[in-house]
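As structure tokens, the structure follows; a few thoughts come after it.
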Amino acid sequence: MTDIINANPTILNASDLPTRQSQSRKKQSSAAHIADRISRLPPSRTLLYDPFAGAAGEDSAYDSGTDDDNEDEGTAEDIDEQEIYDLISTISDPEHPLSLGELAVINLPHIHVTHGTPTPENPTPMSHVLVEITPTINHCSLATVIGLGVRVRLEQALPPRFRIDVKIREGTHQSTDQVNKQLNDKERVAAACENDTLMGVLSNMLATCK
Amino acid sequence: MSAKLVGSFPPQPDRVWCAVPHPRLPLVATASTDRIVRIYSLPDFSLISNIEGGHRRSIRSVAWKPNTKGESVLATASFDSTTGIWHKLDGAADSRTNNSEEGAPLNSEEREEDEEWRFAVVLDGHDSEVKSVAWSAGGSFLATCSRDKTVWIWEEMEGDNYETVAVLQEHSQDVKIVAWHPEEELLASASYDDTIRLYREDADDWICCAVLAGHGSTVWDVSFENAGSQSRLASASDDQTVKIWHRKPKVQQEVMPRQPSIIKQADDQLEDWEEQSCLPKAHSRTIYSIDWSKRTGLIATASGDGQIVVYREEELIEHGDANEGTSSKRKEWRVIAQVTSAHGVYEINSVAWCSKWSTQGARMDEELLISAGDDGVVNVFELTI
């Protein structure tokens, strides 16, 4: 990427970005922080534990922890917008050494999470996350790559009950519909994920998430 | 009515894109992200063969050639932009449920040979991912479609040779599916450009004879009814609707004497298809697959919302004005069965009707539904009252 498309993006200060991390969290050692990250990001589908699969109270192993342990982990809570934000705001921009959060491509108010209500017929209802991304400039040709990065990141990190929609925020890009259609076509996304060049770009973008 | 899960094939490690029943034998072939085609035995849910090594990327779809004798022929469409043709002589392994008690597999070498699938030919030509492959009813033509926006028609020649008889560039986007009419040499294709197109041969050329527009987003799948020349077409879309299309009878047009004969000829081939009905809305995400039962006329759909839905066309008698004593018959599609979470929390990529087989290997009257999902599982359902 020799030609920088947007040479002068607006950058947010990292300390101004939305977080629920309290003062005590900031004091955590980096090792604890990494451990926390790892616990949030199961490396593969087989290790994914879905805390909503059973009725509350059945998960004794998870309930036995102290309140302090559960405070930030949210194992007994639904995954919310902030958690989605934490997963994707740290993705690197493909052309700037900055995160999507810092560039305000990913914004907390533009993430929407909804959870289905478990019923006896359907004890594991689906959850839905909609992420609207704001490209730095309205003809940004990298919007598709950024959107794909967000989708791949969420597909890897979220439990399979999540249905993921990634869209370009209305009015922020000149070919919104076209990009949206491509980003939400599972066959196109699956084929893109078998493209080595593209996956090379994506893995660089996602490297800062780990 | 409800659909009951009667069994599942051994799970695969990755997404299964489609599961297709054999036209003559109690077998099911699957196309998967892990580039392996698996052949399963339907009566006992066992894995019979893995067909590997033919493709470098995901296998997106598979199609059994109809009307073969003494051998099975399978076509595979892959994201590696090629289509593979595989042959295997029908052997003991396919009907092993007949004597599964005796077990006594042949000695392993013989057996291996017996089960071997031969990679006969690779069809090159598409510029990007091949999405779908379909044999014409007689088996003489093969159609493929791709993200490169084209539909190709191939004809089998002697000695494992296939000749390209048409490259159709009618769609403006990615072509998702190709399907042949059950009797006529009429081909349908559906696309990311939201349209369905129909093609037939005119003299030496294949031409687009109808455009079916009406869906609001990508059309993922189409399936013909099995009703001879009256066969309608059902389509499933990202717009979460299912539409039924029918061919309007030809209006005899006056022959215009001045028209050059070449144009007249093409005009004769044009068909007028229109939307007949829209099935009751039952899905809340993209509908990826639809299958119109050749035997019962029921329609099944599968979606990203995790549901399999079965529809039946019912005849309603409407009583008109009581004084006049008139009544009219009207047909209406109804949802008769709905399976939620048919693959747990995962999306479902394909659904297909299939004969039920007895454990003795005899074809029965009942039908089963076979579905494939992102969970790597292929499930088998049976409708119960």
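Any Cβ shown, glycine's included, is placed from N, Cα and C.
Per TrEMBL, the feature repeat 'WD' maps to B:52-86 (among others). Across the repeat 'WD' (B:52-86), DSSP helix (H, G, I), strand (E, B) and coil residues number 0 helix, 18 strand, 17 coil.
Look at TrEMBL and you will find B:90-113 tagged as region 'Disordered'.
Residues or ranges marked as repeat 'WD' by TrEMBL: B:123-164 (among others). Note: the repeat 'WD' (B:123-164) comprises 0 helix, 24 strand, 18 coil (DSSP; helix = H, G, I, strand = E, B).
For the repeat 'WD' (B:168-199), the mean pLDDT of the prediction comes to 97. Feature annotation from TrEMBL assigns repeat 'WD' to B:168-199 (among others).
Residues or ranges marked as repeat 'WD' in TrEMBL: B:212-245 (among others). The repeat 'WD' (B:212-245): residue composition by secondary structure is 3 helix, 17 strand, 14 coil, according to DSSP.
As annotated by TrEMBL, repeat 'WD' applies to B:280-311 (among others). Residue counts for the repeat 'WD' (B:280-311) under DSSP, split into helix (H, G, I), strand (E, B) and coil, are 0 helix, 15 strand, 17 coil.
Highest Cβ contact count with the repeat 'WD' (B:123-164) among the listed stretches B:52-86, B:212-245, B:280-311 falls to B:52-86 (criterion: pairs under 8 Å). Same-chain neighbours of the repeat 'WD' (B:52-86): 17-18, 20-25, 27, 29-37, 94, 117-124, 126-135, 137-139, 142, 144, 146, 148, 160, 162, counting only residues six or more beyond its ends whose CB sits under 8 Å from a CB of the stretch. Within the chain, the repeat 'WD' (B:280-311) has long-range Cβ neighbours (under 8 A, six or more residues past its boundaries) at 1, 3, 18, 182, 218, 220-226, 234-238, 240-242, 333-353, 355, 367, 369, 371, 381, 383.
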